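Residues or ranges marked as substrate binding site in Swiss-Prot: M46, G196. Feature annotation from Swiss-Prot assigns ATP binding site to R122, T169.
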Amino acid sequence: MELKNELCTVLEQIKEKTPLVHHITNYVTVNDCANITLAIGGSPVMADDHKEVEDMVSIASAVVLNIGTLNERTIESFVLAGKKANELNIPVILDPVGAGATAFRSQTIEKILKEVKLSVLRGNMSEIKNIYGTGTQTKGVDSVDSSLDGGKEIAISLAKKLSCTVVITGEVDIVSDGNKTYAIQNGHKALSSITGTGCMSASLIGACCGTGKGILQGAILGTMIMGIAGEKANERLKVHEGLGSFKVYLMDAVSNFDQDDIRKRGKVDEI
């Protein structure tokens, strides 16, 4: 109950503060990320040119780095934005999309981890395992290893190694800061059938962490919001409706998300 009270405080602060979440993200889901940030009560900005990212970070509440569509230009921007955020004590969330799929992708992640202090690392099991160093194969940007065996240990170990909070998303989401570890059992399988739910989760985490009410709490709440919204979206579907309607209902559920959702529907336990 104490954790849920803390999560409710974070949600309340999003509504009061409207945190500015600076994204340097991919062009596949950029619109979804902007809209989900607005839906939860934050304010998105998607500037990615190296000539302005430091200025933009200076007025932001959180920074989300997403490597989905990599190029040399944005790699420079990732590092500049991350370093500026570190300098100003602004949370940095990294979404290592497709980690391990290519050497270029792996080298980029290594560069970011070397030069930027993360607040949150959010990925699916194969992405996190790849960064951890267990050599799990990644095919495209989809996880090919959905097993949660050892997930808790990997999350704790990587969180300690990187001195950040690690979020592993899957059938059961795992969130750890190295000291405390939680399992979140919200969500619906349809979330994996539309593009961008992982990217949008990182945006939600950014908005939550941007309140200044705790990185671990922000990571838990951002992850939980997506899971509960997925459940509520599925419940609204009529027989003839499919993934298009699901995505619309998902956005509706986030925009209507309130403290009752946390208290009555949140399935989070320390493990």
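We number each residue from 1, going along the chain as drawn.
Note that Cβ sites are derived from N, Cα and C of the backbone, with glycine treated the same way.
Features recorded in Swiss-Prot, as mapped to the structure shown.
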{"residue": "M46", "record": "substrate binding site", "Cβ contacts under 8 Å, 6 or more apart": "H23, I24, T25, V30, C33, A34"}
{"residue": "R122", "record": "ATP binding site", "Cβ contacts under 8 Å, 6 or more apart": "I93, L94, D95, V166, V167, T169, G198, S201, A202, I205, A219, T223"}
{"residue": "G196", "record": "substrate binding site", "Cβ contacts under 8 Å, 6 or more apart": "V28, T29, D32, C33"}
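Classification of M46 (substrate binding site) by DSSP places it in coil, neither helical nor stranded.
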